[in-house]
Amino acid sequence: MLRSSENFSIFSVNVAHVTARSENEIPTVPENTQRSSETRSAGFAHEINVKIKTVSNCQTTSFAGKAHAFQTTFFSATITPDTTRTNTMTPTQQLQSGIQALGLDLSAEQQTLLLAYTDLLKKWNKTYNLTALRDEAQMVSHHLLDSLTLLPYLQGAQTMLDVGSGGGQPGIPTAICHPDLNITLLDANTKKTAFLQQAVIELGLANVRVVSGRVEAVQDFQADIITSRAFAELADFVNWTAHLLKDGGRWVAMKGVYPEEEIAKLPDTVAVERVEALQVPGLDAERHMVVLKKV
């Protein structure tokens, strides 16, 4: 079980009741006992008991700089989707079409929650710069369908750590589709983890916990699968998270173009299990899934 360790903050949430507010209200940072807002299902209520423990003295400038630079590069190369087939669809139609194209079987409730998640992204984006995307079609293709390409790589896993979770991709869509998978969302940006915590509460994701802090400060927790999307180069990704991967576990990195140079820089202790090209519906950009394991 994940425990708080020096140099990071952990959100521990007991969910039982939440009070809905106006759909037009701009969100603010949740306080320790602040009531959450805007639940989508009538009669669905939670109570928040949020305990936050923060320890300072995090001095990992090079880590943060590398991750930020890599994230900027990833999104600058993939910001324009192929809208030739999606710009006449509603978000619901686009999501349904994309799910079918990916060969996935998701319930109507799961699809509703996925779209509710994008609604939360749009609302919080007014005050917190969570994503450069504003268009609904782009959010469906880039944030939802792109995240859903991860699902076939999770077979047999019981725990997953999403490093550099940011606005919640791929962690939150994965949690919606895999309620039996225990997922930890980790990010060093407190504004982003505030959003993640609120999203977890409002979407009723009992299988998700949010940790705010540097990945190297997290201890006493290991996962079957460690994922990243627009986080860092492969060598940095595995070096920073090696202590968090269970024996026999896998790293699964979501990449754009084929990362030939990054693969060449991997340490000898890491082997490439497979690299697969992906086709994301509505997204006119290269995507590759890189699966790594310890030697």
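Start at 1 and count along the chain as shown; that gives each residue its number.
Every residue, even glycine, has its Cβ placed from backbone N, Cα and C.
The S-adenosyl-L-methionine binding site feature in TrEMBL is assigned to GLY164, GLN169, VAL215, GLU216, ARG229.
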Secondary structure at GLN169 (S-adenosyl-L-methionine binding site), reduced by DSSP to three states: coil
Sparsest-packed among the binding-site residues, when each Cβ's other Cβ atoms within 10 Å are tallied, from GLY164, GLN169, VAL215, GLU216, ARG229: GLU216
Among the S-adenosyl-L-methionine-binding set GLY164, GLN169, VAL215, GLU216, ARG229, as the record gives it, the longest Cα-Cα distance in Å: 20
